[in-house]
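Asker: This is the structure, below, for whatever I ask next.
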Amino acid sequence: MEDPSEPDRLASADGGSPEEEEDGEREPLLPRIAWAHPRRGAPGSAVRLLDAAGEEGEAGDEELPLPPGDVGVSRSSSAELDRSRPAVSVTIGTSEMNAFLDDPEFADIMLRAEQAIEVGIFPERISQGSSGSYFVKDPKRKIIGVFKPKSEEPYGQLNPKWTKYVHKVCCPCCFGRGCLIPNQGYLSEAGAYLVDNKLHLSIVPKTKVVWLVSETFNYNAIDRAKSRGKKYALEKVPKVGRKFHRIGLPPKIGSFQLFVEGYKEAEYWLRKFEADPLPENIRKQFQSQFERLVILDYIIRNTDRGNDNWLVRYEKQKCEKEIDHKESKWIDDEEFLIKIAAIDNGLAFPFKHPDEWRAYPFHWAWLPQAKVPFSEEIRNLILPYISDMNFVQDLCEDLYELFKTDKGFDKATFESQMSVMRGQILNLTQALRDGKSPFQLVQIPCVIVERSQGGSQGRIVHLSNSFTQTVNCRKPFFSSW
């Protein structure tokens, strides 16, 4: 599969000077003409017209059971409207693109991030990992989030780290993950939070798609040269410089995940727990949190879940005290003495099950916690959702609203992604009903559940809708189970 082109490289919607047309990165789906039309819902929030559901079902869209739904841009708060900005800014504000009317708290966090960048407190590149990711700070220099630009993903053209380049040169036959859509990790990150939120798992820190611009991001020489040239033109010939669509570096689209404090890698705590077993009440809490991680990873078919990219917070001195409300705010005020945070979800939502070189197993499957059958608590929480066909369809619609914002979006490929996810949900439903354990869950043969051509394409799923279930018989060359 060819890599989809960068979404940040679209020309602006309205005409402009030649300099505007040659800019390296543009805002796809966010043209200036669209700003006049407020968005009915943020990406990942499908707008549902239940009264017209029957009519839509009869219409029978041939491509997907999902409406096209234009996505416009709305402003995040009245405070942003009141902020006065010059006609031409050297670092163009991204607040117009980061609009979250339905989440004022997140909008405020993004506003603080933008203000910090404007005063010279730039995002700091994270040394770990195989892609360009950055700690984003507020004006007080406190880390508030992690930004992962699309163009700097592991297989992106502007990845500042050489790991994947060496991989591509030295071992091209194993380069990339053939089951994933290239350079859509930022959507996978946001999609994982969407699934987590819909199922009320509360283990993924809030993650959304945003736009940011910073001198510390990795840009090519052409973009930096253009930026310097436009700044020089604005300084020397203001009349000409003011005609540019943008002065400064182009904004980058990517995922922004809220930073969580007090967590360490799971590998660290798992070794601790082996030497010093947890008290029974804490052990039950950890088992519940672990099962939530299993459910999330299995549904989205995370292909990159080791014990080093999920986090655990457990501080013994706080066991007898109330956990800081601010630290637990992102888990809907539900207090836990031990808490798991599922980060690094950028390599999920495959369009087929892994069937080439590697199996990409879930490393948690070999932990002792994976041998314990799913608890009654988790079964009661999850089964009512995933056993409801309308809920599953609703989830697919929300993911459609999110994924379609990418310039390289393809409906057929998206439907393949949903077929894999529906198959995972089917297996999970059966495993929960049968009282299986996470280890037994991953041993169930993989299936895909495709919508048949004769199935209804309406917004509401009826029992008459027909799906085709297919067992995935082809296994990877290196298989773990």
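Our numbering is plain: 1 for the first residue shown, then up by one each step along the chain.
Using the three backbone atoms N, Cα and C, a Cβ is placed for every residue, glycine included.
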Asker: Of the candidates K148, K150, K236, K239, which does Swiss-Prot annotate as part of the ATP site that also includes S133, Q257, L258, F259, V260, R271, K272, D344?
Answerer: K148
Asker: By the record in Swiss-Prot, which of S45, S95, S255 is the one labelled phosphoserine?
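Answerer: Of S45, S95, S255, Swiss-Prot lists S45 as: phosphoserine.
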Asker: Swiss-Prot tags one of 195-215, 279-299, 342-362 as region 'Activation loop' - which one?
Answerer: 342-362
Asker: Could you check which of 105-118, 161-174 is flagged in Swiss-Prot as region 'Important for interaction with membranes'?
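Answerer: Comparing 105-118, 161-174 with Swiss-Prot, region 'Important for interaction with membranes' matches 161-174.
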Asker: Pick from S12, S74, S78, S452: which one does Swiss-Prot list as phosphoserine?
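Answerer: Going through S12, S74, S78, S452 one by one, Swiss-Prot flags S12 as phosphoserine.
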Asker: For the feature phosphoserine in Swiss-Prot, which residue out of S17, S437 does the record point to?
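Answerer: Of the listed residues, Swiss-Prot records phosphoserine for S17.
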Asker: When DSSP is mapped onto helix/strand/coil, what comes out for Q257 (ATP binding site)?
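Answerer: Going by the DSSP assignment, Q257 (ATP binding site) falls within a strand, counted as strand.
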Asker: Summarise the region 'Activation loop' (342-362) as counts of helix, strand and coil residues per DSSP.
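Answerer: Counting residues per DSSP class in the region 'Activation loop' (342-362), I get 0 helix, 2 strand, 19 coil.
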Asker: For S133 (ATP binding site), name the DSSP secondary structure in the helix/strand/coil scheme.
Answerer: coil
Asker: Restricting to the region 'Activation loop' (342-362), report the mean pLDDT as a whole number.
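Answerer: Mean model confidence (pLDDT) across the region 'Activation loop' (342-362) is 87.
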Asker: Using a 10 Å cut-off, grab the number of neighbouring Cβ atoms around the Cβ of Q257 (ATP binding site), all chains included.
Answerer: 24
Asker: ATP site residues S133, K148, Q257, L258, F259, V260, R271, K272, D344: biggest Cα-Cα distance, Å?
Answerer: 31
